[in-house]
Amino acid sequence: MNKNYDELKDKFCRVYGGEKEDLRIFSAPGRVNLIGEHIDYCGGYVLPAALSLDSTVIARPNRNNVLGLAATDLPDRVEISLDDLESAKGLKWGNYQAGVAYMLQKAGYSLTGVDMLFHDTVPLGSGLSSSAAIELVTAVTLVTLGNEANGINKDVDMVEMAVLGQKTENEFCGVSCGIMDQFASAMGRKDHAILLDCGALKYKYLPLKLDGYRIVLGNTKKKRALGESKYNERVIECAEGLRILRQYMPDKNNLCDITTGEFEQYKSKIKNEVVRKRVTHVIGENARVLKAADALQKNDIGELGRLLVEANNSIRDLYEVTGRELDIMTAEALKVEGVIGARMTGAGFGGCTVNIVREDKVELFINQVGRKYKDRTGLTPEFYISEISDGAREITP
């Protein structure tokens with residue numbers, strides 16, 4: 001989506017006053033995970049890419065030692081003292097930004113007061129990591145301006161920003177999540193996917209050459225009411241599976257350290273059928289990610305599409321986190337000529353699908369899937385044709 005930075009600067013001045021000449025612009029992207037779902041918290045490989053849908057901040061240091069927070073789509077302005085960030089835990093909006101500042105302080109960063117205006121094009125609740133984008137744009141803004149105010153001349157450590165973003169969600173906001181969302185937002189590279197080993201935080205950039213195809217995101221517009229409780233349930237089920245398997249393979253620290261061959265040997269030891277299904281997905285999905293990375297390196301877009309379909313079947317039947325709306329959207333997508341892959345992306349129970357669609361069939365895809373989905377669910381979906389973007393950074397327009 002195009003952003004008019006001058007217009008955003010004008011809005012900043014209407015909220016905070018002052019002139020727009022000294023304003024700074026920062027941005028952090030949402031992400032799509034091409035494949036590797038619900039395995040980042042099991043130490044697995046994932047294959048995300050940063051999106052051109054993003055969270056933008058217009059910022060200016062203040063002399064008040066406070067975080068000034070406002071958003072273009074919210075009426076209220078929030079002020080939080082840098083000396084009392086923990087008091088913001090209960091805020092409906094602003095707790096993520098305060099949490100990032102709190103984690104930065106705990107990590108030894110010297111911050112300065114900053115006024116910020118947020119403008120988000122990542123749809124909330126879409127499964128495209130709007131929260132990670134907010135965390136990372138906040139972190140880059142605060143560290144950049146804090147370093148300048150304190151005479152510190154060094155680059156922002158983006159891997160550390162990703163880790164602190166995850167800690168914000170886990171420890172400050174009380175949300176279970178792995179590292180993938182924050183890492184993709186921090187470390188994205190234009191026209192590349194990231195093969196990320198979530199256990200070791202090792203990563204590799206893979207060129208995303210789609211050769212006549214486009215990535216189209218489909219938003220079910222289904223509110224994810226069950227998402228967080230079921231997410232935490234799956235984390236517990238995976239931990240139980242690992243506990244059982246470690247009795248026979250004590251050197252394995254994560255489920256994704258276990259190969260498909262090793263799992264075949266010991267899977268009968270997991271007597272609970274539900275837990276066994278969850279683990280079957282995790283270990284199979286980890287292997288699929290590596291096959292998908294290989295397909296990308298060979299520029300085999302057809303194989304990548306096939307693996308997306310296989311991954312969706314697994315997350316639907318074995319991990320059971322899709323739900324009716326996502327199932328309908330992916331089923332209708334695969335009926336459209338020119339679609340070679342479709343699956344849910346994100347935590348599930350609503351949110352988005354990722355689809356690989358032949359360029360000349362994108363309009364047909366949007367019209368046909370949109371119509372059939374609305375007929376079957378009563379919900380009006382949204383579709384995004386996003387570019388693959390760079391990670392969190394300062395913008396100099």
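Indices start at 1 and increase along the chain as displayed.
Yeah, the Cβs are placed from backbone N, Cα and C, and that goes for glycine too.
Just so you know, TrEMBL annotations never went through curation; they're auto-generated.
As written in TrEMBL, here are the features:
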- Asp181: active site, proton acceptor (ACT_SITE)
- Glu37, His38, Ile39, Asp40, Tyr231: substrate binding site (BINDING)
- Gly125, Ser126, Gly127, Leu128, Ser129, Ser130, Ser131: ATP binding site (BINDING)
- Ser131, Glu169: Mg(2+) binding site (BINDING)
- 11-61: domain 'Galactokinase N-terminal' (DOMAIN)
- 99-188: domain 'GHMP kinase N-terminal' (DOMAIN)
- Arg31: site 'Transition state stabilizer' (SITE)
Gly125, Gly127 as binding-site residues, winner by CB count within 10 A: Gly127
The rounded CA-CA distance in Å from Gly125 (ATP binding site) to Tyr231 (substrate binding site) is 14
Rounded distance in angstrom between the Cα atoms of Ser130 (ATP binding site) and the residue listed as 'active site, proton acceptor': 9
Mean per-residue pLDDT in the domain 'GHMP kinase N-terminal' (99-188) works out to 94
Spatial neighbours of Leu128 (ATP binding site) among the recorded positions Arg31, Ile39, Glu169, Asp181, using Cα within 10 Å, are Arg31, Asp181
Tell me the Cα distance separating Ser129 (ATP binding site) from Arg31 (site 'Transition state stabilizer'), rounded to the nearest angstrom. 6
Secondary structure composition of the domain 'GHMP kinase N-terminal' (99-188) [DSSP: H/G/I, E/B, coil]: 51 helix, 7 strand, 32 coil
Can you break down the domain 'Galactokinase N-terminal' (11-61) into helix, strand and coil residue counts using DSSP? 9 helix, 26 strand, 16 coil
Other than Glu37, His38, Ile39, Asp40, Tyr231, which residues of the same chain sit close to substrate? List them in sequence order, counting a residue when its Cβ is within 8 Å of the Cβ centroid of the site. Gly36, Tyr41, Cys42, Gly44, Gly178, Met180, Arg234, Ala347
Please list residues from the chain of the residue listed as 'active site, proton acceptor' whose Cβ is under 8 angstroms from its Cβ, counting only those at least six apart in sequence. Arg31, Pro48, Ser129, Ser131, Ala132, Gln166
Starting from each candidate's C-beta and looking 10 angstroms out, tell me which of the recorded positions Arg31, His38 has the most other C-beta atoms. Arg31
Students should find that the Cα atoms of His38 (substrate binding site) and Ser126 (ATP binding site) sit apart, in Å rounded to an integer, by 16
For the C-alpha pair, I'd like the distance in angstrom between Asp40 (substrate binding site) and Glu169 (Mg(2+) binding site), rounded off. 15
Quick note, Ser126 (ATP binding site) and Ile39 (substrate binding site): C-alpha atoms separated, nearest Å, by 19
Would you list, in sequence order, the residues of this chain other than Gly125, Ser126, Gly127, Leu128, Ser129, Ser130, Ser131 that have their CB within 8 A of the centroid of the site's CB atoms, where the site is the one recorded for ATP? Gly30, Val122, Pro123, Leu124, Gly346, Gly351, Cys352
